[in-house]
Amino acid sequence: FVGRVAAALSYSGTVSACVLDHDVPTEEPKTFHFLAKFYPENAEEELVQEITQHLFFLQVKKQILDEKIFCPPEASVLLASYAVQAKYGDYDPNVHKRGFLAQEELLPKRVINLYQMTPEMWEERITAWYAEHRGRARDEAEMEYLKIAQDLEMYGVNYFAIRNKKGTELLLGVDALGLHIYDPDNRLTPKISFPWNEIRNISYSDKEFTIKPLDKKIDVFKFNSSKLRVNKLILQLCIGNHDLFMRRRKADSLEVQQMKAQAREEKARKQMERQCLAREKQMREEAERTRDELERRLMQLKEEATMANEALMRSEETADLLAEKAQITEEEAKLLAQKAAEAEQEMQRIKATAIRTEEEKRLMEQKVLEAEMLALKMAEESERRAKEADQLKQDLQEARESERRAKQKLLEITSKSSYTSMNSSTTALPTDLPSYNLISESLSFDFKDTDMKRLSMEIEKEKVEYMERSKHLQEQLNELKTEIEALKLKERETALDILHNENSSRGNSKHNTIKKPQAQGRRPICI
């Protein structure tokens, strides 16, 4: 349906007529946003053409970032990782370095303000999941984004302010599954829901809107809107969503079947192209690795050859040094032999002179004895002189002591005369001094049996695959939620955050709340 809208907008006359039907400001320039009016129930089944899928992905992404669709923090990080995969392709640590997401708007401001986390910390967590999406093409990443977004409580819901018969203010929500009545303060969990297959008739008269259930035992629900134009818009949305709801549960028309066949062929062709590109990329990477390995081996061999040449040069230098050392050693040996001969001659000469020096030896011994006697006499004289010096030191000490006592006595005599005057001038000082203490005080169907069996088998197979992916995805979401929970700022939680946490703890979701009225039985509606 989005593709058809895009095709229709290519006709400028139609666009001009549509614009002129509305009251728009006359200022220049004018900016128009052409958006999908009806949301698909299952994006993977209903968005056939790739351009349709891409335009719808951009619309849903903007609504989440503008907080028109509530998204919990952990799901916001996962959706951001798929948006990065769709824009940048596969993660490459050599290209996508730290800070490459600094200028990207990937998370709602509510989520950023809810946690004490820096932009670098958010980028690190988004990049960790972004790296796991390797191999996904842009359309695959965008579809994974939409498959997660379509399970959010506020996805595809148009809200209108209404009043019931008692005058109570309520919200009417219209989406692909049916009509929902909300409390104005809780847009996540409806008070009651009317699936399209359980509604018999919808009508309005002036500002009063009437919903008649299929079961006649259930009371008719009536409410009032603020303007007649709002009732017209509500009726248009109801008719369009109900028509699409019933079409989805019937066999596809020939036109839709042809579109889906073409889309499958296109998808298969692109898949083959991607596989060929992947094989070529792998072969190129292997060739580059082989080239790098050969270059590394060549460098290694060059280094080994250089080392071998250096070793050879060192060996030659060592051989030259050894030859020179051998020559020096030989010369030293000759010199030692010559010195040995000279030493032998000197020994013979000493032996000859030893006899002549015997007499001289005796004379020297006598002189030594005389010197010893002289030294003894000098020692005795030195001892006597030392004793005399000690006696003189003692006498000097006694004289100094006598002089000190005389000075002390003289001081006592002179101090007595001034004692009286000194006492009269003495005053007492205060004993108590003041002290100060400073104390500091200090974040319904016509298929054949064979078609039904084949369709059932395909649905069952897709359901098993979807459950496995959902289980892995839920584990990842729970892990991220636990990791960032400690950094949450409780005082910044919005009312939708609190309601979402309560719904999660009670196990409520977008789908099981619609089933509640059916499980509770047919009872009158009291809102």
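Positions of Cβ are set from backbone N, Cα and C atoms, glycine also.
TrEMBL entries are annotated by machine, without manual review.
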Range annotated as coiled coil - as stated in TrEMBL, picked from 246-287, 372-413, 456-497:
456-497
DSSP helix/strand/coil residue counts for the region 'Disordered' (385-404)
20 helix, 0 strand, 0 coil
What residues elsewhere in the chain lie close to the coiled coil (456-497), defined as a C-beta under 8 angstroms and at least 6 residues from its ends?
70, 72-75, 77-78, 110, 113-117, 125, 129, 148, 185-188
